[in-house]
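As written in TrEMBL, here are the features:
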type     : residues : note
TRANSMEM : 12-35    : transmembrane segment
TRANSMEM : 41-64    : transmembrane segment
TRANSMEM : 85-106   : transmembrane segment
DOMAIN   : 128-221  : domain 'CAAX prenyl protease 2/Lysostaphin resistance protein A-like'
TRANSMEM : 130-152  : transmembrane segment
TRANSMEM : 164-182  : transmembrane segment
TRANSMEM : 188-205  : transmembrane segment
Amino acid sequence: MTINWKQIFLNILKFIGMFAIYQIGTIPLQMAYLMPSNQTFVLIAFVMYLITTVLMLVLFIQMYTAQLKTHNLAHFGRTKPTKRITIFMGIVVIVWILFIALQIYLNQRNALPQSANQQTVVEFSKAMPVWMALDAIVFAPIIEEILFRGFFFNWFFNSSDKRIQLLGVFFSGAVFGAVHDISSFLGWLVYAVMGWLLALTYAYTKDIRYNIGLHMFNNLISLI
């Protein structure tokens, strides 16, 4: 198999560009957090957030669906919830709950310090609970799954070869962990494991809706 390094480089630039767009979309939320007592400013920032986030969602979804129609060697798309997929999702949810329980156990014994990302989520949730819930439970999971699973697999591991797809699972989780926490190996590992479970779900079910739902479930638990 011939590797097109030029295309890989271009895809890396595209991925970084889409990630940058995602980060820009969070600026109104960060601005409102700095001045939570100014209700007029918060309202304006919230409207800006809604506009930029909806536009971003439309862009991401259109790009993703267009990719699936034109170049989709791994056959991603919409998959009916068969018995096989239902059993798989049940196992993944159980593993995820056990993983969350392990994190809580380690946190209580100070063996796993709270990551900077999680601290930010907690602080934002206290200052703007409704806004943060909307972002963390609805918008962020959709955008992040399209970015770190949809675009990532389409641009770097678009193949029907299961070995290549497994490589995609590994690197997707590794990158997901790196952008969420690089302050320590354990901090990175926590998010990498989440990324691996989400990527494995995407690769197995072939339907991004399943890992979006799983991501929403995780963020909901994190806010409780």
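Each residue, glycine too, has its Cβ placed from N, Cα and C.
Curation plays no part in TrEMBL annotations; they are all automatic predictions.
On the 0 to 100 pLDDT scale, the model's mean across the domain 'CAAX prenyl protease 2/Lysostaphin resistance protein A-like' (128-221) is 95. Just going by CB pairs under 8 A, the stretch in 12-35, 41-64, 85-106 that sits most against the transmembrane segment (130-152) is 41-64. Within its own chain, the transmembrane segment (188-205) has Cβ neighbours under 8 Å at 74, 76, 79, 85, 88-89, 92, 95-96, 99, 103, 112, 115, 117, 145, 148-150, 153, 165-166, 168-170, 172-178, 180-182, 211, 214-215, 218, counting only residues six or more beyond its boundaries. Helix, strand and coil residue tallies for the domain 'CAAX prenyl protease 2/Lysostaphin resistance protein A-like' (128-221), in that order: 82 helix, 0 strand, 12 coil [DSSP]. With a cut-off of 8 Å between Cβ atoms, the residues of this chain six or more beyond the transmembrane segment (12-35) that come close are 41-42, 45-46, 48-49, 52-53, 56, 59-60, 123-124, 127-128, 131-132, 135, 143-144, 147, 151-152, 155-156, 179.
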